[in-house]
């Protein structure tokens, strides 16, 4: 067989022309230190701040400190298998979490991985955990109410969709209960809820999940948990993962309620990471950017313009105080970022006033414009009346010689305090709140003994459900009070029918 040199030459030339180099160039570094959820690596000269980095054992970290000699990395997950000398490589990506409808009803960690034992989550969508907040022109003013189902909040410190309302108080004052009741009340309201548990005991998170499941609220809720036993980087990243999941729904035109329980523990985790990364400590050893830690998170909650779908994220961040000190560093930071605060007092809680809301220290800066007309009419003077009662009550400690007007104010105040009490996990629809507050402010409860107020309230709802459900329906559909004469007649008919009199 003759060998044709020209054919061989042409074949080799063609193969050289068609040759595609098949290799991957990745910038790598070497781990020089590992411990306490922190790694330092040398050789990653082009790493970006916030970039996701991969260790050779498959663990991931996030670049935080970009220094001249090395990169400070927080490790997202278990770091026990990482050793000094291990290779770490750049991914060219920033951290993302899975998002979408598939997450609803599930309990996940801050990386979006399921921890409820119900199998994998099938979702194709991802969002970066850190994204810019909507700009000024991308927002709308808060105009729609978010009903929590709690009379003390919906009447005194109303919340609107797109608002950030801080819940602040000592431990064991009912902060989580307020948020869980608000989530329960969103059933049938076309709201998606996200509960972010930061640094909580796993048994506590389990209890909250079971409560949500028992009342059917898990059908529209995502639970993101970074428990107390997990490394600080996961506690730090958990709120950002939660709001990234919320943003996916907001930009689809949906409404989301997100609860951060609580941001005090996130600040402590961030302080720990910052000190381990050798960042300069400031007041109370927190780093200088601890304000930015929370502001960039809470600014992502907004009511966006119609061009962006008209959706909203309403945030209820928690801050735990020590001995009721709301002037502490982290507390004042978050108060200045949010649109108001609900202050829960330990002495009110211990005296049986639950929810233990201190009306004098609580405020909603933008929620009033979202309150429905009916509630505005019946609760307009309630806050001032309550504050006046507290003041008079303090003065009566010094003597019992009171004129009739003062005695009447005290009697009305005691009934107001009783009416604003509410059992756990029993949120009320707004129409029932309006009717009982109307009865209170128009003097129908003045002759009812204080001890019978709660029984009177329950009986009134039952009576209206049977005989005057049309009044409830009017409030529900028109968002306004029905004819006062009709409401007066209905309440008088109930009082004649019942025996709640002194």
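The backbone N, Cα and C atoms fix where each Cβ goes, and this holds for glycine too.
Here is what Swiss-Prot records for this protein:
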- 169, 170, 171, 172, 173, 174, 175, 176: ATP binding site (BINDING)
- 362: site 'Required for activity' (SITE)
Task: Taking the Cβ of residue 174 (ATP binding site) as the reference point, list residues of the same chain whose Cβ is under 8 angstroms away and which are at least six residues distant in sequence.
output: 344, 349, 354, 355, 356
Message: Tell me which of the recorded positions 172, 173, 176, 362 sits in the most Cβ-dense spot, judged by other Cβ atoms within 10 Å.
response: 173
- prompt: Around residue 170 (ATP binding site), how many other C-beta atoms are within 10 angstroms of its C-beta?
  reply: 18
Query: Rounded to an integer, what is the Cα-Cα distance in Å between residue 176 (ATP binding site) and residue 362 (site 'Required for activity')?
result: 17
- request: Can you see whether DSSP assigns residue 169 (ATP binding site) to helix, strand or coil?
  value: strand
Residues that sit under 8 angstroms from residue 169 (ATP binding site) by C-beta distance, when 6+ apart in the chain: 175, 320, 321, 324, 343, 344, 345, 346, 356
Cβ neighbours of residue 171 (ATP binding site) where a neighbour is any other Cβ within 10 Å: 11
Statement: As a whole number of Å, the Cα atom of residue 362 (site 'Required for activity') is distant from the Cα atom of residue 170 (ATP binding site) by 15
Task: Determine which residues of the same chain, besides 169, 170, 171, 172, 173, 174, 175, 176, have their CB within 8 A of the center of the CB atoms at the recorded ATP site, and list them by sequence.
output: 320, 344, 346, 349, 356
Field: residue 175 (ATP binding site) CB neighbourhood, other CB atoms within 10 A
entry: 24
